[in-house]
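According to TrEMBL:
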BINDING   K26, 73-74, 100-101, K104, H106, 127-135  5-phospho-alpha-D-ribose 1-diphosphate binding site
BINDING   T131, R160  orotate binding site
DOMAIN    53-163  domain 'Phosphoribosyltransferase'
Amino acid sequence: MEEYKKEFIGFMLDSKVLKFGDFTLKSGRRSPFFMNAGAYVTGTQLRRLGQYYARAIHDHYGLDFDVLFGPAYKGIPLSVVTAAAISELYGVDVRYCSNRKEAKDHGDAGILLGSRLRDGDRVVIIEDVTTSGKSIEETYPILQAQAKVDIKGLIVSLNRMEKGQGSRSAQTEIHEKYGFPVNAIVTMADVCEYLENQEGPDRILTDDLKRAIADYYDRYAAEEYRGLFH
């Protein structure tokens with residue numbers, strides 16, 4: 001695992017963004033872990049978060065694209081801090097763009113925040129996490145209605161590696177339905193590897209938690225990831 005990925009997992013834990021316990025997800029699933037990107041609240045945290053996203057985008061998609069699109073609401077700050085980080089780390093200017101939940105009919109009217117989209121724009125979509133792929137079902141038609149854009153891919157911070165609306169992961173379903181790849185800064189397999197290597201009194205991965213994670217993935221692992229959590 002690359003060093004920046006290890007650092008990112010530690011950063012999520014230190015920021016209380018990634019938590020372990022007993023959580024009920026929006027999907028209704030009971031999960032032994034939960035990620036809440038809304039817990040990044042300080043300037044230092046947001047700057048670092050943008051840098052981790054920038055590294056992952058560079059690794060997976062390169063920097064030959066025009067627009068970073070962050071769907072409302074959580075994608076808005078993600079697109080802003082990551083566009084700034086790409087400029088800071090790589091000296092490349094990409095435009096940021098987000099959508100409003102409701103279109104304005106006065107002043108700067110329309111549904112978009114930030115840059116306007118133009119025909120031919122190459123777009124990377126940025127989100128915190130995708131579990132079922134429902135957010136892309138909303139985002140994709142918004143983008144296509146604004147211009148004839150070329151979507152290079154979707155980047156998220158954590159791949160939960162669980163099945164989406166069918167038996168495969170949301171990432172695989174999105175790729176097959178829309179034709180663009182989905183990548184993450186880290187996967188839950190990366191997180192488990194990191195926790196497995198923790199030592200000392202701060203070790204998180206107890207036997208009970210390890211069993212709870214294994215049981216969760218017995219039920220909800222995407223078919224392409226089955227057997228990885230035992």
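Glycine residues also receive a Cβ, built from the backbone N, Cα and C atoms like all the rest.
Unlike curated entries, TrEMBL annotations are predicted automatically.
TrEMBL feature annotations superimposed on the structure.
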| residue | record | DSSP class |
| --- | --- | --- |
| K26 | 5-phospho-alpha-D-ribose 1-diphosphate binding site | coil |
| K74 | 5-phospho-alpha-D-ribose 1-diphosphate binding site | coil |
| K101 | 5-phospho-alpha-D-ribose 1-diphosphate binding site | strand |
| D128 | 5-phospho-alpha-D-ribose 1-diphosphate binding site | coil |
| K134 | 5-phospho-alpha-D-ribose 1-diphosphate binding site | helix |
| R160 | orotate binding site | coil |
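Shown are the binding-site residues K74, K134; the one with the most C-beta atoms within 10 angstroms of its own C-beta is K74. In this structure, the CA atom of R160 (orotate binding site) is 14 Å away from the CA atom of K26 (5-phospho-alpha-D-ribose 1-diphosphate binding site). Looking at K26, D128, R160, the binding-site residues in this record, the fewest other C-beta atoms within 10 angstroms of the C-beta turn up around K26. In sequence order, A72, Y73 are the residues of the chain that are 6 or more apart from K101 (5-phospho-alpha-D-ribose 1-diphosphate binding site) and have a CB within less than 8 Å of its CB.
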